[in-house]
Amino acid sequence: MANYFNTLNLRQQLAQLGKCRFMGRDEFADGASYLQGKKVVIVGCGAQGLNQGLNMRDSGLDISYALRKEAIAEKRASWRKATENGFKVGTYEELIPQADLVVNLTPDKQHSDVVRSVQPLMKDGAALGYSHGFNIVEVGEQIRKDITVVMVAPKCPGTEVREEYKRGFGVPTLIAVHPENDPKGEGMAIAKAWAAATGGHRAGVLESSFVAEVKSDLMGEQTILCGMLQAGSLLCFDKLVAEGTDPAYAEKLIQFGWENITEALKQGGITLMMDRLSNPAKLRAYALSEQLKEIMAPLFQKHMDDIISGEFSSGMMADWANDDKKLLTWREETGKTAFETAPQFEGKIGEQEYFDKGVLMIAMVKAGVELAFETMVDSGIIEESAYYESLHELPLIANTIARKRLYEMNVVISDTAEYGNYLFSYACVPLLKPFMAELQPGDLGSAIPEGAVDNAQLRDVNDAIRSHAIEQVGKKLRGYMTDMKRIAVAG
């Protein structure tokens, strides 16, 4: 099969990369009604599969789970999760033929096998749903022309999808209809109903395309969301220990530092994160971030180029065919790093201490977020999509590191994200070592002393931070989410 994106001409590629529209709340006035009374069969009961299914059932939809015969016979985790939550479970042959909508929520590497198994069983005119478009865009899966193909992609891990729904809200979501598979023109109605059933319409929905979702998602997870956090963790830990910091303290400062720093990012963007620093520290963090952007820009651009061309996907799929040899080797090597094996620190680190002693980490976050955003936008991806795939998801990934270091992050994210993370971090760590050798006292592990600052310089730095395009679009999108949350709570 041919990579779908590469079969398009340049005009079509640019049109699909640039498809992005923030949908009004009034467009979801009918909620999930378009799917009520219809049979929705979910294939896969992992984090997204289970939690989307729970939300959809609570929204009044008929949900069941189709699993492989072996998974049912051996009572595997997917079978246990579905049955323990009271769902009907059956084999593909038992459930797929009656389904009006089949939702494929298995891991990327299983998509081709799953689609080839379920497609012959699907009734004429049924719909096939995805929450990530890799199989369609990168693999180039060919779907029967009578089948409608849609996507609903929550911009959060599955557990968060459920928790926000239970709070009466939802998570920001991208929806799309595959232009090659919308025979009855009902794709958007199906996608909107599915998104509403998960609660996504309460947090904001972007009408996107399979292409824009895949290319931006891959770029975000490889660079700022996972790769930068992994490279930054390893580099910062080694630097602290080399300069005499207790390994246990160094580990805690980094493990929980990302989460504390990005919580400010979540609430008020890069502006608020930088405002948590003293004026001298802010000026230093800004200078460091500008140096980092200059050093890392070619690496970010290479990742984007390889994603656009399909080079990344072909390399990863070759590793799938080789029993994940590269992925498993990189995973094992990461587990043996000094950061992952360091002892735990039993003392307390105050919230402000993470900022005061983590100026370099803040600079890394700022540089990584801005570079990922800028590189995506330069490649034709609309700013709203680039924001969701860079700044918005970063606090969620940082939270996984706070739980069980890099191990937890790499367990929670998809194998696709993990593979891309290793590609980036293995290139980024040696790239930044000369930069790390030139750091000054106060950049990491100790606070920068208070002192006089140049007012004009501080003014210019503040203006540069606040006027960046990601701050402008971020303020708008965070405002939508806040407004919608108030409406949801009031309702």
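Sequential numbering from 1, following the chain as shown.
Placed from the backbone N, Cα and C atoms, the Cβ positions cover glycine too.
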Additional site residue, Asp217, Asp238, Asp246, Asp275 [criterion: listed by Swiss-Prot with Glu389, Glu393 for Mg(2+) 2]:
Asp217
Close binding-site residues near Glu393 (Mg(2+) 2 binding site), where close means Cα within 10 Å, chosen from Cys45, Ser78, Lys109, Glu221:
Glu221
Neighbouring C-beta atoms (10 Å sphere around the C-beta of Ser414 (substrate binding site)):
19
I want to verify one value. Collapsing DSSP to three states, which class is Arg68 (NADP(+) binding site)?
coil
Quick check: with Asp217, Glu389, Glu393 left out, which same-chain residues have Cβ atoms within 8 Å of the centroid of the Mg(2+) 2 site Cβ atoms?
Lys155, Ser216, Met219, Gly220, Glu221, Leu225, Tyr388, Ser390, His392
Quick one: which of these binding-site residues, Cys45, Arg68, Ser78, Gly158, Glu221, Ser414, have their CA within 10 A of Glu389 (Mg(2+) 2 binding site)?
Glu221
Inside 10 Å of the Cβ of Glu221 (Mg(2+) 1 binding site), count up the other Cβ atoms and send me the figure.
24
How many neighbouring Cβ atoms, not counting its own, are there within 10 Å of the Cβ of Gly158 (NADP(+) binding site)?
22
